[in-house]
Amino acid sequence: MGAAHSSSLCLSSPTTTKITHCCPFHHIPKPSSNSSSIPIIQFHLQKPTSNFISQHHYSPCSPCASSKIVPLRCARVGLMETQEGSGSKPVIDIQGIDEELVEKIIYDALLWSSLHGLVVGDKSVQRSGKVPGVGMVHAPFALLPVAFPENHWKLACEVAPIFNELIDRVSLDGNFLQDSLSRTKKVDVFTSRLLDIHSKMLEMNKIEEIRLGLHRSDYMLDEQTKLLLQIELNTISASFPGLSCLVSELHRSLLKHYGERLGLDFKRIPSNTTVDRFAEALAKAWTEYNNPRAAVMVVVQPEEHNMYDQHWLFAPLKEKHDVTAIRKTLAEIDKEGELLPDGTLLVNGQAVAVVYFRSGYAPTDYPSEAEWRARLLMEKSSAIKCPSISYHLAGTKKIQQELAKPNVLERFLENKDDIAKLQKCFAGLWSLDDSDIVKKAIERPELFVMKPQREGGGNNIYGDDVKENLRRLQRERTEENAAYILMQRIFPIVSPVFLVRNGICHKDHAVSELGVYGAYLRNKDKVIVNEQSGYLMRTKVSSSNEGGVAAGFAVLDSMYLI
């Protein structure tokens, strides 16, 4: 659970056990330089492996030795059948699209992205993370949407408001948060600092009457069990509400033009309104704060190459709701911030109604004590925090693991049907105190993922590294094991796709991860907003472990309901 984010080609499923976790996302191979302005199509199809865990780790910056060019055979998208229970579902197969048609679609997609703001800052341009309009490049995207079963999409939408309510209930139980993370605090400095702020709020009896959550719950569809399993629930800096909407519109636009030739119907791509829903939730929170001169403050990183995703959210906030947003780093807040006696937060003289975090979720966001002072200052204020420190802690992986224990959900929710729906989405989650599971993970490390209390991608442990780290912890007999959880590995279906990065199209085997956004706003006992608010689909090459578009591991995608 947190801000979000396999060295194997998963072409078959294990047959000896039901334990199966995912990999949210790794690098698409970087393109080689080319002076031509015409999009280049590079087709890399990695050879299948006989098991899930490849014995080789491919460099993301160079072509794989096992890659090969695959010819395109005919002019239409084929449909392959995949078993689901006793029936079957069609899955988009891009193997047969005519190469000339692909080139046309790529050109139109790149043009559409440029004209409609589907862009990020180019990290190779020095000022691209600070100055809007400088060094822009299209966001990485899949050329066509990924097929996704409609019944699983409906389930993910249905449980979103339940997860929103669960996070709110958990955040109110300070003892549960402190007790569940007490051992983690001893060995994880970052979690310890967050808990210290939370403890100070408990000592002050600080009550957040207005509570705002903009969440994203991430899932993968396990091919073996046919279950939609939750990877994590992000309660801080749930990114891409802006660009995810644009990718859905890009794919709808492409299918309106090319759908007949591809045999695809653009109406099967669900509309995506995350930007409008999140903007409305922020505006309603601003209204509840009841200070028309106050602003929404967005906490950002010093160099934000994903600033356009954020600005897509702030544009409707101003245009539709007449609410001003200001952007500040944690260091700037420490330098310019002050608290008035009534709890009002001023930053450079501007009153702040809502603090919206798009930073502050990783240790690297706190390079000095100044950043920690800023976080505490905001928490002590009367401004609405999105998230508050308690919401932030409720989204940690350790709390996710605690909630998966038998009878724990009943502590926070009364409705048995709601509890059953959430439990159906839980993957296997275990503490490293569970000696039986640790033993199984050492014997079959390919079936587990070892997760620290970190967000943003690139932190998880896979394969033989799981076994080596677990054995090391057993030898050392320290409390470091409290810094990790074990999670069931999810093996989603692998399909060939077109991935576009830096104007170059790669054809590769890939897997996809669905994120469902949720918005929650409560003032005292009155729930003002509790809804599913759109979705994010990310697709990555199947030979990678880690996830995260901003981290360079995945591309943006949308879904084609089947």
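Backbone N, Cα and C define each Cβ position, glycine as well.
No curator has checked TrEMBL annotations; they are predicted automatically.
Pulled from TrEMBL, these are the features on record:
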| type | residues | note |
| --- | --- | --- |
| BINDING | R216, 236-239, 304-306, Q310, 358-361, R538, 549-550 | substrate binding site |
| BINDING | E232, N234, E455 | Mg(2+) binding site |
| BINDING | E232, K397, 451-460, Y462, 487-490, E513, K540, E546 | ATP binding site |
| DOMAIN | 295-394 | domain 'Glutathione synthase substrate-binding' |
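Feature annotations (TrEMBL) mapped to structure.
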residue: R216; record: substrate binding site; CB count, 10 Å: 28
residue: E232; record: Mg(2+) binding site; CB count, 10 Å: 26
residue: N234; record: Mg(2+) binding site; CB count, 10 Å: 26
residue: S239; record: substrate binding site; CB count, 10 Å: 23
residue: H305; record: substrate binding site; CB count, 10 Å: 19
residue: Q310; record: substrate binding site; CB count, 10 Å: 22
residue: Y361; record: substrate binding site; CB count, 10 Å: 25
residue: P452; record: ATP binding site; CB count, 10 Å: 17
residue: Y462; record: ATP binding site; CB count, 10 Å: 21
residue: R489; record: ATP binding site; CB count, 10 Å: 30
Residue, out of the binding-site residues S237, S359, K540, whose Cβ gathers the largest set of other Cβ atoms within 10 Å: K540
Nearest of the binding-site residues (S239, Q310, S359) to R489 (ATP binding site) - Cα to Cα: S239
For the domain 'Glutathione synthase substrate-binding' (295-394), the mean pLDDT of the predicted model: 97
DSSP-assigned states of the domain 'Glutathione synthase substrate-binding' (295-394) in counts, ordered helix, strand, coil: 43 helix, 26 strand, 31 coil
Spatially closest candidate among E232, N234, P452, Y462, K540, the listed binding-site residues, to S359 (substrate binding site) (Cα to Cα): N234
Candidate binding-site residues E232, N234, P452, K540, pick with smallest Cα gap to Y361 (substrate binding site): N234
Entries of E232, N234, P452 which, being binding-site residues, have CA atoms within 10 angstroms of R216 (substrate binding site): E232, N234
